[in-house]
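What follows is one structure encoded as C-alpha cells, with my remarks underneath.
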Amino acid sequence: MKGIISLFFCFSLFIVSFILREADSASQAQNNGIYIVYMGAAASSNGGTRHDQARLISSLIRRNKHAVVHSYNNGFSGFAARLSESEAKSMAQRPGVISVFPDPVLQLHTTHSWDFLKYQTDEKINSSPSSGSDSSLIGADTIIGILDTGIWPESESFNDKDMGPIPSRWNGTCMDGQDFGSSKCNKKIVGARFYEESDDSGTKIAGSARDENGHGTHVASTAAGSPVAGASYYGLAAGTATGGSPGSRISMYRVCTTFGCRGSAIMKAFDDAIADGVDVLSLSLGSSPGLEPDFPSNPIAIGAFHAVEKGITVVCSAGNSGPGPKTVVNTAPWILTVAATTIDRDFETDIVLGGNKLIKGGGINFGNMTKSSVYPLIHGNSTKSNDNVSEADARSCVPGSLDENKVKGKIVLCENLDDGEYFPSDKLDEVKSRGGVGFILIDDDERTVAPKFNSFSAGVVSKKDGNEILAYINSTRNPVASILPTVSITKYKPAPVVAYFSSRGPAYNTPNLLKPDITAPGVAILAAWPGNDTSEALPGQKPPIFNLLSGTSMSCPHVSGIAATVKAVNPTWSPSAVKSAIMTTAIQTNNLKAPITTVSGSKATPYDIGAGEASTSGPLKPGLVYETDVADYLQFLCSVGFNISQIKLISITVPEDFSCPKNSTSELVSNMNYPSIAISSLKENEPKKVTRTVTNTGEEASVYTTVIEAPKGLEVQVIPTKLEFTNKSKKLSYDVSFKASSTSKEDLFGSITWTNGKYKVRSPFVVSSN
C-alpha cells in the first residue's frame, strides 16, 4: 500500500511539475515576440539552407517546436522566430548573423489614368505613340508579383481571355486557403500565396489569398488588369478599365491583414517570389516617415536588395505623409520609389448659391438635390452648441461642436482649422447627426483628391471659392444653396498636380541620394474591387465592382506596369537599366505645357516628383541608360556602416577585389552610377565632382551632346560635353563638377540632359549646402 501511495505521490509530483513547466513555457511564449534573424545571402545562387542557419533553427525547434515562424532559403538566408529579448541579443552575436530585429508591422499606402499618361507622353517632344507597341502583346511573358492584401479572383479584370500559355519558367503556386481554391488561378493570376499567422501555441489561424480589404485587388488590376469595357463607380469615371501592362501575369503574395503588414511575412514573400520567377515586384506599403529603419533591420530594403541581385525590378510607394519634407520612405537605392500626382479628370460637385451663382466644387456625392431645391445655408461658426465650444471648432464642425436646433434642415459650411485632427467624414457625420441636409468643406488639399460622401449631399471647395461662399452668407439676409450630384469631367487643367499627401524628399537618412525617383497617377484611380464589399455600397445598390482610391499605393502599380512592359521589350535589361529608362524619359510639364506644380501652385521640384511623371512609351527606347552595378550598392552598404566581412555574407556577387574605402561616408553615395545626382555640404568656392557612366541602347553610331539647366549661383560643368558612341564603344563616362558662387540656404535644383536629336536622356540634380 505504501508503495502504491509512494508511486501515486511521485506521479502526482511529475504531473504538477509538468503542468508548472508547461505553464511557465506558455507564459514565456506569451512574453516572447517575433524577431527576424537576417543572415545575408542564401547558400548558393540557386538557394538552399545554409549549415549555420540550419543549426540555429534546430536549436530553437528543440526548445519549442513552434518557435520558428518563417524560414528564408531562396533569395537570402534567415528566419523569423519567437524569441525573448535576451535570446534575440544572444542570437545577434552568433556567427553568420547580420542582424536581429523585432518583427515590424508596416502599413498600406492608402482607368483613365493610363489614357492620361499616354496623352502626356504623346505631347512630349520627340515622343510618339509609334515609339511603343501594344502592351497587351508585349507584356505577355512578364510576371508582376504584388505584396498586398490579397486578390479577388472573380473580378473581370483578372479574366485570361486570349492569353497564351503560362511561361514555362514559372515556378510559383496557387495555395489552397479559406474560400480560395487553387482553381481560382488562371493564365492571368498565375500565383497566389498567403502567410498564415499562428498564436503562441503554434495553432494556425485560417488564411487565404482572398482579398478582404480591396487594396490588393485595386493595386493588381491597376498594374496588369485585363481590359473591361463599361467600368465605372456608380456611373462616374465611366470607360474601359485596364492595367498598365494588361498582357502581364499576376502573382499575389498576401502579406497584409486588417492589423497591418508583418515584416516577417514581407521577407518570406520576397524569398518566395525570387524562387517563383517574377520579373517585377510591386509594394504599395512601407514604414512611417522618420521611423524607417536602416538597412540591417528594414524588411523591404533587405528583400528588395536580394530580389534586385536576382534581376527583379522592385517598385515601391513613396508614402502618404506629405507635403512636409523628409517624409519619403522606401529610399534604398535599389528600389524604384514612386510619388503621386493627379490626372486630368475632376469629380465636379456644383454648388448653387441663391439659385443662380455657380461654384465648382469637388468630392463625390450621389445626393438628390436639384438646382431648384434650395435649402438654408449657414456657417459652422453660427451653430455653436454651447459657450464652451471654441470658434475654431465650430467653424471646423468638429464632433460635438454644433447645435442641432441651429443645424437641422440646413446646409452647413465648414472649414479646416483643426490641423488634420479630424477627417472630412468626421465633420460630415457631425452635420448629419445634427439634422443637417448638406455639407460644404473648405479645404484646398481635399479639393484635389475627391473624398467620398456617398448619398449625402456634400462637396469640397477651395479656400478661394470658400471665401466667395462666406461673402455670400455674410451679405445675404436669408442665404440659400443647393449641392448637385457629382459629375466626372475629363481634360481638366492643370494636370498633373502633385498630390498633397504624396511624401517628399529629401530622404532623411540618405541625403546624397535623390528620392522619390518618379511620380505617377495616384488620385481618384478607378480599378477593380471585391464584389462583396457592402461597406462601399450606396443605399439600395449592389456593392461596386470598381472603386476610386487615392494614394501612392495607386501610383506605385502604374510604374510597376510600365516596368513590366519595359522588361518585356528589353528582356536582358537589368533592374537598374529598367529604372534608368523610366527616370530619364520622364515628363516635367503638365497639360498646359507649363512645369508641373504642387497643390499650392508652386513649381514642383525633384523632392516632389523625382525625375518627373512616368512616360508609357519613352522608357521602351531611352537611348542611353545608367546601369547601377552590384559594386555601387556594396559601396552604399560601406557608407552606412557595414564592413567587408558583413558585406560578403550579404551578397554572393561581391567582386574579389572589392573593399570598403578607409573613409566610407555618405559622400560616396553621390558617386553611385544613379540616374539622378544629389550633392550635400557644398561650400562656397569648394567644388565637388561626380562621375557617371552611360550605356548606349540605341543606334550603334551616335553622338550625344549635353544641355545643362542650372540655377543662379551654381556653376555646373560637364566634361566631356560630347559623347561619341560606336559599335565598339557602348559605354562612356563623363564628369560633372558643381561649384557654388555663394552659399545658399535653399537647396538648388537643375538637370543634365544628353541628346542626339532623337533621344533626350535627362537626369535631375539637387545641391545642398547642408
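Each Cβ is built from the backbone N, Cα and C atoms, and glycine gets one as well.
Residues or ranges marked as active site, charge relay system by TrEMBL: ASP148, HIS215, SER553. The feature domain 'Inhibitor I9' is assigned by TrEMBL to 35-109. Annotation source TrEMBL lists domain 'Peptidase S8/S53' at 139-592. The domain 'PA' annotation in TrEMBL covers 393-469. According to TrEMBL, the feature domain 'Subtilisin-like protease fibronectin type-III' maps to 671-767. If you look up TrEMBL, you'll see 1-25 marked as signal peptide.
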Inset, instruction - Kindly report the helix/strand/coil residue split of the domain 'PA' (393-469) according to DSSP, in that order. - result: 29 helix, 17 strand, 31 coil
Inset, instruction - Pop the Cα-Cα gap between ASP148 (active site, charge relay system) and HIS215 (active site, charge relay system) into the table, whole Å please. - result: 7
Inset, instruction - Only counting partners 6 or more residues apart, tell me which same-chain residues put their Cβ under 8 Å from the Cβ of SER553 (active site, charge relay system). - result: LEU108, HIS109, THR110, HIS215, HIS218, VAL219, SER284, LEU285, SER317, ASN320, GLY522
Inset, instruction - Might you list, by sequence position, any residue in that chain lying six or more from ASP148 (active site, charge relay system) with a Cβ less than 8 Å away from its Cβ? - result: LEU108, ASP211, HIS215, GLY216, VAL219, ALA220, MET252, TYR253, ARG254, VAL255, CYS256, LEU283, SER284, LEU285
Inset, instruction - Summarise the domain 'Inhibitor I9' (35-109) by DSSP state, stating how many residues are helix, strand and coil. - result: 21 helix, 28 strand, 26 coil
Legend entry - Counts by DSSP class (helix H/G/I, strand E/B, coil) across the domain 'Subtilisin-like protease fibronectin type-III' (671-767): 1 helix, 57 strand, 39 coil
